[in-house]
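One structure below.
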Amino acid sequence: MEKLKKHIVYPKKDFILIIFLALLSNAFALEQYFIEGVDVKIAEKNLLEFPSFFDSSFVLDSNLVQSKDSILYFRNLAVEYSSKNDVDNAIVYIKKYIGATADLSLINDHLFSNINNAEKYIAFKQKYLPKFNFMAIIYFYAGFLGIFIFVILNIKKGVDRVGTFLISLFVLFNSLFILHLSLYIINYQYHIPQALMMTITFSFLYGPLLYFYFKRVNYNYKFRLIDILHLIPSIILLISILPYYFMSSLEKFNILFDGRKELLPAAYTVIVVKILSLSIYAFLILKVYRKNKKIVNNKNKVIFCWQRNLLTLHIIYTIAYIIYVGGVVKIINFQPLYHLQILVMVSVVFYVAYIAYGQPEIFKGKVKLLDPINFFKYKKSGLTPSFSLELKENLLRLLSEEKIYLDNDLNLESLSDKLGTTRHNTSQVINEHFNMSFSELMNQYRIDEATEILKKDEYNSLSIIQVAYEVGFNNKVSFNKSFKKQLSLTPTQYIKSIRA
């Protein structure tokens, strides 16, 4: 075995890249097995075919590695068949030599000049030698940029550490996936076999990371023990593919080089679970986003737009992944769509990089410190942070589901009764979490409701005073004043603008 190691050759110029990718954590998805060549072809990489660690073909025959003579024997036979222009047998023994040494340089050796122009040999070389691809340059740039952003965000001062770590980890996993997929696009996976199966277990973590980021930013969410349940799919997947991590580099190389694989029924489960994970968490994130949509004011519109764009990119990626799977199983046959999912991931990296550079205040989080007046006002309050968040959640439910603001008799006292707490606690929750007074919050919801009614009233069948009463105002003056304050337009001007 020691003698064999002397014959295992990796390109020295790529040493740094090899070391880097060898140390990556578990972040890539199953797609690494389904990408081949510049055009991201699926032909011989069926999505449901997966290397099995139960397949004895991945354990090298001891006869192939026991001596230097065995390795030289394969090489000499390949040269001999080449000199006879026997392309088929020359390729057979070149493969045996490479399988025992992981030395791909033999393919370009001058000793095979006799068959160098043969069609079969050209096809053989193209299958294993690196290829240039312009898109891969963009992908590599995005991948390394994402890693840089991960580092920068986590050493940055004055940010919400938990929220920033969650979103930066989301970016890191996207970046590592992009880098790994790029290796397959340029046909370089054979030169870095250590990366095989190293990061598949994070396939189910994209959704949870983004979901908890949204909860953290919007609710200052604190993790609980029960949240570990979100990791169960990834833990199960990790256990199932753990044997791969104990394989030698040569064994991993042969998995890639031989391309021998058997049908793995569990692949169906992995694909379905990933699609379900992406879809379910997209729905959960959307719920968090919508719940906070109505409390947007001028101070947090930037954060609101940031979250909206992140959610949109996640939904687009979910759709892109479904399309990709459809292409792999031959439901869809349009090759440019195979690049769609990686392009969405690149967009995520570039977008976060842009925000990190242009609007770094985003990462300070939506949860703000109290202003000095509120700090001293509530310094001796008995309202705990956890109960305050609970009251906020209940208040949002009353506003969005029961639409309590439509009641023109609603006041702070009656709202407190509905929340099951005191006037003081209700007032504190509204001041701290919404940065408004009771009347300002109710009027904001009422004006939003009024604009929806006016949009639907295409024939102007309702008068302004009717709309005012319908949304909870007691008089036209208060309605006009609140409307102008929120939209910088009077109701009449607003109607004209939407009818124009």
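Glycine too: its Cβ is placed from the backbone N, Cα and C atoms.
Under the heading domain 'HTH araC/xylS-type', TrEMBL lists 393-497.
The annotation transmembrane segment is assigned in TrEMBL to 132-153 (among others). Outside the transmembrane segment (132-153) by six or more residues, the chain places 38, 159, 164-165, 167-169, 171-172, 174-176, 178-179, 181-182, 185-186, 339, 342, 345-346, 349-350, 352-353, 356, 363 with a CB less than 8 A from a CB of the stretch.
If you look up TrEMBL, you'll see 165-186 (among others) marked as transmembrane segment.
According to TrEMBL, the transmembrane segment annotation covers 192-213 (among others).
Per TrEMBL, transmembrane segment is recorded for 225-246 (among others).
Marked as transmembrane segment by TrEMBL: 266-289 (among others).
Here TrEMBL flags 310-332 (among others) as transmembrane segment.
For 338-357 (among others), the entry in TrEMBL reads transmembrane segment. Here the transmembrane segment (338-357) has Cβ contacts under 8 Å with residues 31, 35, 40, 42, 135, 138-139, 142-143, 145-146, 149, 152-153, 167, 170-171, 174-175, 177-178, 181, 306, 309-310, 313, 316-317, 320-321, 323-324, 327, 363 of the same chain, all six or more residues outside its ends.
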Secondary structure composition of the domain 'HTH araC/xylS-type' (393-497) [DSSP: H/G/I, E/B, coil]: 78 helix, 0 strand, 27 coil
For the transmembrane segment (225-246), distant same-chain residues with Cβ under 8 A (at least six beyond the ends): 26, 53, 196-198, 200-205, 208, 212, 252, 266, 270, 273, 277
